[in-house]
């Protein structure tokens, strides 16, 4: 702002020099600032082109000029700038020296300058850096900032040192006494004991009397047999033998021969005589005979009887539907029919128990204690059920698992149809059961088996394992229409 005011003052001085071109030896003019107590002349309006927003008050206060000391021809230029009403206050004497304070002063030079905006000057050089200001007072502490987002998860810390060993816990409550174990099998015969120690040496006999040479005596009788030696101590227990190799699976048994034809059943009782049938309908009339040859003309006879009825005419059109007749009365109950022949329903069922615990793996389990097997379809020797009647069957098992895990599979048509397992160790006891419906054809076989190291099926005085199956309905009855 100060630079702009100085530039306007320089332009004003140059304009005044052009007006007074006749005086070649014009001294430098001097300006004095008007006192601040004087008001701005009425009608004096500064150019709006030099004002900025917020600076109008400053320009208004500095618009008044200093009082002249003497009159001069230069008054014309001052009057043309300030207006007609400014002549009473502002008068500039010719060639008088005055001073001008440009601080807060803006000169309106609209009448002496061109209205065309001048070109923008080049930016000035950057001034030197000013001295460092004094350190300001410490500001009041700011408000606490908002909580920042959660930082990334830190790296896993190093493993801590091992803690001290804790005190020994109190002893647990003694458990219930276990069930008595089964009697073990007879062990193998022990090795032959070592020879017992020799007996003590007998006392020395008395010296015999010296005699002459005698003849050789005969051979004496054999001495009595000595006493048996002491029984040797039992030998050390031999090492446990290794597990035998897996046996080969047996071939399927041959199909049994067809059974003999059963004896003919007893003849049924003769049925009662039926009721007399209703009277039959009348038969249709016969066709007329062929016409005979014409005979000789006879005498005129008497009027004969009417001739035969001619043949029936063609069938007429279908008549309209008649009205429905009334409902007839309920007929009387018929006579009871004769007793029919009884049909034999095919049957097949079995139920068997396991007699030894922990059956061998990967082979049919032999449930050899038969409870029911009238048709003989289940074989306790092979542990397999042989289907003789095709149809839909129901199979079930309920087994006890103890001491080791068990994996049970139900096999039908040489394929595992169902698999289940029980995980037990120690002396734990549990039960497993199954109910399954299967459709079988004649000759199909069904059995149960366990896997290696998963054969924990158990039987005992208080525990049983059972396998059962029966025919639900044969295939023939299922295919018949009602």
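Along the chain as shown, the residues are counted starting at 1.
The backbone N, Cα and C atoms fix where each Cβ goes, and this holds for glycine too.
According to Swiss-Prot, the protein has these features:
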COMPBIAS  137-153  compositional bias 'Low complexity'
COMPBIAS  155-167  compositional bias 'Basic and acidic residues'
COMPBIAS  236-284  compositional bias 'Basic and acidic residues'
DOMAIN    130-189  domain 'Collagen-like 1'
DOMAIN    217-276  domain 'Collagen-like 2'
DOMAIN    343-478  domain 'C1q'
MOD_RES   189  5-hydroxylysine
MOD_RES   315  5-hydroxylysine
REGION    120-344  region 'Disordered'
SIGNAL    1-23  signal peptide
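Neighbour count (other Cβ atoms within 10 Å of the Cβ, all protein chains): 6 for residue 315 (5-hydroxylysine). Rounded to a whole number, the distance between the Cα atoms of residue 315 (5-hydroxylysine) and residue 189 (5-hydroxylysine) is 112 Å. Cβ-based neighbour count (10 Å, all protein chains) for residue 189 (5-hydroxylysine) stands at 7. Residues belonging to the domain 'C1q' (343-478) score a mean pLDDT of 92 in the model. Residue counts for the domain 'Collagen-like 1' (130-189) under DSSP (helix as H, G, I; strand as E, B; rest coil) come to 0 helix, 0 strand, 60 coil. Under DSSP, residues within the domain 'C1q' (343-478) fall into helix, strand and coil as 4 helix, 81 strand, 51 coil.
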